[in-house]
């Protein structure tokens, strides 16, 4: 053999079998940035149709977690696939930089503003802290292979962005959507500030569940409403009973609310202390049961409408409150009578406005009752629940109480219960200029993926309250408005003033607002009457208006609007919604054309990531151990529309899949050794049939892969890629061609046909891989022949190219069409089972020791005969003869194909030292005593002729 070794076309490539990604990827990254890969892509795609994926900004605090990695990788895969599809798809990553978490981190270092440091110094410290956090996260994202404008990202704290956020506020005010109101808002007593809907999370909490008596101020007036005849009025005090789980709100009670069409019953409670109580008829039994009242009877009935404006005594204060009517009253639980405190609830506030009720708010920003709060001054509201219960017992107003576990709003930062508290705030009004209806209309024009996203956001927008956009914080974009000191009306020249302030902020940042002398801007006369608003904007406003502050403003987008927003499914109540509402308020249209959502990352058992459980998978650990391409492949392999599971075992499966794809690519590259596309490509019509079939399979795969990319169905991309590499190529084509590729005449037609197919296929394969396994695709690209088929030099990077358009398929009218090769593969699969059995029974060693006789029915025999002597190369045996089924021998074995029996014989022919086939002509040719005639031709002659395989 040694004398013929140099005549073989052994595979050779510098592309290593082992990825060693953790070591190699950083080296590739360095080259990408040294050679400005992102700039090269932008240059290559200049003037093409644009695709804008607008980045939802992560918060600039802490290390990135696996959820960040999932989100950014999905975006990067989609953008790279769009680039390969011929789009100009710039990516400008962003960061959310204002707000409380950063304030809290800075407070730990320098104390609260106004104590050791001034507010101005505090803001500067916040800016420095956020900048450092951005840099840390940026490096982590770059390590994942994410390409973008990393040197020029957008940060909501950039002076120009802060200025544009103020301009957005001005536009919303201009369009009539801004509202100043004294309204109940979500309030965190730990933050000392209002919260947006998106900053509230719900968790279970145990509260006191209480039924409270409100005595009738005029018993006769109440009894008259129930139409009771004289002598049948019953005995004892008359009370209406409310149910609540927030006893601390009772000091602010200003009404009891009923439903107009609901039936209410006046119940006579019997016993030593008789009394008469009013509850909804439907709930009477459950009220009596929980109060432990066994002996009672009904005295009369009335509707809620009958009882409207009847007065009842507050349970512990000296004033009376009216019975009012509201549609929010239900019979799901409670008593059918709702305690109404307009200062502590949105529905209470709304119904209170209809009746002109006082909006009482006895609670300070720290959650403590104000000094003038009778009975409870100085107590924290949650601790005061017990005090309220004691007072109710004293006054004889407590009918029943028990501990009650229920879902309750909590601050997403502090994880502590929040309250509703009426304060003067600025709102984007959903109603006063028809914003809610406009937003609901705009939703219908957006493509939501998955489609349930549409109904989800519709429900949220339809039911949401006014958007409270003001915050009482230090580190935030100011609500740059001037209001009249007495009337609180906006300055009549607000639009011009906002633009002047925005210009100042563009030069000096938000501190310019606090440094601004009102008289300088307004003049002395106006300055005497108007004052600056000192509140800051909700950070959801900051990020929500980036469709204007960033997308409309950045020249990289060339005036294009965002095509896509892609975030986690929690953003229907967060960024998707704040962006939608602000865009409709500013531009009367949605800020996006399509919205794609992904689920949350959980562990292999479906549990949330938790440090206490110890199941956290950090992206940095994965890249340091396995490499970013494994993490990227994991992301693309999942159905990201639901929960996305990750664990060491799941990542190991991704690593295994990666190895199969890498090894397939390596086979292609190793067998292109010595191939020059400019001179060595075989014309399509002259190629061996099986080679054309393989290119056709690549074409079919490419069509499906491109479609899957277009549908953002990334796991379908991975499945098709795996199927192509493992099944169509690995299990069949590559297995069959090894003999021809290694043993055919070097540079001869048989080898060059095979190499032509391999070249075309790897040109396509490397592009399919590029959006997902970006580092490996770049590595493959650099190991490919430097020249392309047309003689031009290969681009420096695969990412600047487009899908390969040089593939071709078999025509269905051809004799050896796709259906033919499908049948051949089935035969091969059946034969392989018999060969495996023969090996197990020690009849043969390898398959080349076998000679086959295939007894086939006429239809199948005719197909097999088309391959002639080349059938043996497809079946990987030294001989394969086709005979009619009628001649079937006793030794022939049945297969799982109807009409096919196969006899496996051990060959008696000599083994060729070069190709290892056993043929009768081994050693029969002078000068070549150990090789077969085919090999002699490949070594010294014209080379063997292959037509089919």
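Cβ atoms here come from the backbone N, Cα and C positions, even for glycine.
Quick look at what Swiss-Prot annotates:
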MOTIF     58-68  motif ''HIGH' region'
BINDING   567  L-isoleucyl-5'-AMP binding site
MOTIF     608-612  motif ''KMSKS' region'
BINDING   611  ATP binding site
BINDING   912, 915, 932, 935  Zn(2+) binding site
Model confidence over the motif ''KMSKS' region' (608-612), averaged pLDDT:
80
Same-chain residues six or more away whose CB lies under 8 A from the CB of residue 915 (Zn(2+) binding site)?
739, 742, 743, 931, 932, 934, 935
Do you know the DSSP helix, strand and coil residue counts for the motif ''KMSKS' region' (608-612)?
0 helix, 1 strand, 4 coil
Taking the Cα atoms as reference points, how far is residue 567 (L-isoleucyl-5'-AMP binding site) from residue 912 (Zn(2+) binding site) in Å?
62
Which ones in the same chain are close to residue 912 (Zn(2+) binding site), with CB under 8 Å and 6+ residues apart in sequence?
918, 919, 922, 930, 931, 932, 934, 935
Given the recorded Zn(2+) site (912, 915, 932, 935), which additional residues of the same chain have their Cβ within 8 Å of the Cβ centre, ordered by sequence?
743, 913, 914, 916, 917, 919, 922, 931, 933, 934, 936
Three states by DSSP: which one describes residue 935 (Zn(2+) binding site)?
helix
